[in-house]
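> Supplied in structure tokens, the structure appears directly below.
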Amino acid sequence: MTGSEIDIEQEYLTALYARLDALREEASTAVRRAECDRDAADVWRAEVARLDTVERGLCFGLLELCDGRRLHIGRLGLFRDDEPLLVDWRAPVAQPFYTATASAPQGVRRRRHIATRGRTVVALNDEVLDPDSADEDGLVGEAALLAAVTAERTGRMRDIVTTLQAEQDRVIRDDHRGVLVVQGGPGTGKTAVALHRVAYLLYTHRHLRTRGVLVVGPSRIFLDYIGQVLPGLGEHSVMTATIADLCPDLQVSRVDPPETAEAKGRADMAGRLADAVRSHVRIPEEPVDVEFERQVLRLDPAACRRAARKARQSGLPHNHARMVFQREVVDVLAQHLVDRMEAVVLTDTGEAIDGGTLDGRLGAADLRALAAAGVVIGQDDDGPRTMLDETDKAALRDALLADTDVQDALNALWPPLNPQHVVSDLSATDGWSIADIPLLDEAAALIGRDDSLTTFGHVVVDEAQELSEMAWRMLMRRCPTRSMTLVGDLAQTGNPAGATSWDRVLRPHVGDRWRFAPLTVNYRTPAEIMAATTDLLAAHHPGMRPPRSVRATGEEPWRHRTTLADLPRAVADAATRTGGRLAIISPGTHIAALSAALSLTTPMDLTDDVVLLTPAQAKGLEFDAVLIADPASILDAPLGHNDLYVAMTRATHRLGVIHPGPPPTELSAMREVPAHLP
Ligand SMILES: Nc1ncnc2c1ncn2[C@@H]1O[C@H](COP(=O)(O)OP(=O)(O)OP(=O)(O)O)[C@@H](O)[C@H]1O
């Protein structure tokens, strides 16, 4: 690459930053001017934030087209007057930057990756797309890609907008309107792709900015890990949450045994909860006496049954249907009262028709009932008379509803419920577990919520294989359009209630209106480490093809035998000799001893040099180096083989396994070393 070409790109980049600075200045001025208009000020403040976040790596590519045009590609679109200076990576014309190949050049003559440090161009990497010399390994911008995948990790995920690969770009721009399932092995970029797809959808479908996008991840640690990616792509409005975060008023304080968690996750719990809610409605066998203003009104079972039927036919949730029930019952009670009062109406000749007081006047109880209902009784020489019109009857119904005795009777028949109450009916509990959250949410849906449920225009689920059938019901309620992107790997399912088939998970909600998109290349785990997982995969997922690693490092993973008593010391010893950002992954039972041996402080921070995690916590994360402590105990868990696969595939460079006693058969082919690696 000649110096002059770098100079030319530098000149162009300087002009782009000048344009960015000018826009930033305009937006800052607009914020100051809009001080009295809070909404306008917020809009301009968001614009300043967006312009600030594209500062790093503003422009990263160039397409030289066969027709002579040059398109610079970057994190946002920049124009001077109507002239495009920089094309947003999400614009359709930018797509060939990610997908053009020598055999299908899409009008591109040359693709250039521009590496920058701050506002300075530091390197250019060119690919001439010449169909005559097509020599394809399927990778786009290989040098830039390899530099990105071998870089040391920081404990925070970075965006990959400069080096997206064609199969990833196709997923990001997929126009399927229903559920898109992105399945791929470890390190294939599922998380990265899902987040870039969010940025793409927000850019392409503006309505999503108001309808909202939700990204669901497996843990807070994971959400922190990915937390900078979308802001780095200029998107600040996306909500991220774990399943537990979606019910913020509940504290998770308990861990269920696996078999309990599995049972709680099954879809049939929805039917059981619905039955539990129904069981609280009591249709009496005998007439029920209801006292109102010292009169006894009799409610017969048939009337209760009719009222319950109407309430159910309303299709409303329990607490809202209760309004229908009580209106029906109160109508019946009010009619009893009216009938009684009407019974003392005098005939034309002035005689009491039936049941009135001897002198034809209303009884004292009738008068109290009417007074409670606010009915003004006309007086004449013969005393008060009743001729109730509809307004009077409505007032009577209101008075009945406000009466505590009547309310007590209604509550005994159709009690108001809360979700905790209903879920505890199914299993007595002293605190809530993570598996209870979808049950509580289901109960809330059956009962009716006080506040309206927040829904989203698009929902992304990462580590989607971990969600139970009940958790899927919870998410579907939050995405009425069923516009979703799910990313996961069925070989990594650690939750006994998690998915074993995408079709089984999705069919109840969307039938066959979901699309499958595979990712096949592993950008994280080197070939040597993937080779070490071969026996594990073959034993537990025969027929499943591991993703192809994009690189080899020449560093062989190793295992070292120790004793149970010596495990913490052996791990601590190996940790001090392992370079880079290190994760020690062990079953929960060893965490306390290892934490003490390694003098680790809690709470854990992923940007620390050494972190200690269970396999479940390590899900979705990656580190320069990984040490696995006691793989046999990891395998003992119900889906322990998947947990071990997750643990083994977290490293970008080095993997060591320390096993008390003999190694699990699945790892016995790994190179044994007498102690830690030299
Ligand atoms: N095109 C790419 N260019 C550069 N880096 C990439 C690319 N694709 C993926 N990566 C990197 O590979 C690593 C793995 O990506 P990611 O975590 O998204 O994979 P995953 O499929 O979600 O993995 P897992 O299922 O194992 O959690 C990340 O460091 C990511 O930045």
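From the backbone N, Cα and C atoms, a Cβ is placed for every residue, glycine too.
Heads up, here are the entries from TrEMBL:
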- 163-526: domain 'UvrD-like helicase ATP-binding' (DOMAIN)
- GLY184, GLY185, PRO186, GLY187, THR188, GLY189, LYS190, THR191: ATP binding site (BINDING)
> By a 10 A CB contact count over all chains shown, which of the binding-site residues listed here is most packed: THR188, THR191?
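For the binding-site residues THR188, THR191, the Cβ with the most other Cβ atoms within 10 Å is THR188.
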> As a test of reading the model: what is the averaged pLDDT for the domain 'UvrD-like helicase ATP-binding' (163-526)?
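Overall, the domain 'UvrD-like helicase ATP-binding' (163-526) comes to a mean pLDDT of 88.
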> With every protein chain in view, how many other Cβ atoms are within 10 Å of the Cβ of GLY184 (ATP binding site)?
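For GLY184 (ATP binding site), the 10 Å Cβ neighbour count is 22.
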> Run through the Cβ atoms and count how many others sit within 10 Å of the one on PRO186 (ATP binding site).
25
> Can you list, in sequence order, the residues of the same chain other than GLY184, GLY185, PRO186, GLY187, THR188, GLY189, LYS190, THR191 whose CB lies within 8 Å of the CB centroid of the ATP site?
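Apart from the listed residues, the neighbours are ASP489, LEU519, ASN522, TYR523, ARG524, PRO547.
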> Long-range same-chain neighbours of LYS190 (ATP binding site), Cβ under 8 Å, sequence gap at least 6?
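The list for LYS190 (ATP binding site) reads VAL182, GLN183, GLY184, ASP462, VAL487, GLY488, ASP489, LEU519, given in order along the sequence.
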> Within 10 angstroms of the C-beta of GLY187 (ATP binding site), what count of other C-beta atoms is obtained when all protein chains are considered?
27
> With Cβ-Cβ distance below 8 Å and at least 6 positions apart along the chain, what are the contacts of GLY185 (ATP binding site)? List them in sequence order.
ASP489, ALA491, LEU519, THR520, ASN522, PRO546, PRO547, THR649
> Three-state secondary structure of GLY184 (ATP binding site) from DSSP?
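In three-state terms, GLY184 (ATP binding site) counts as strand.
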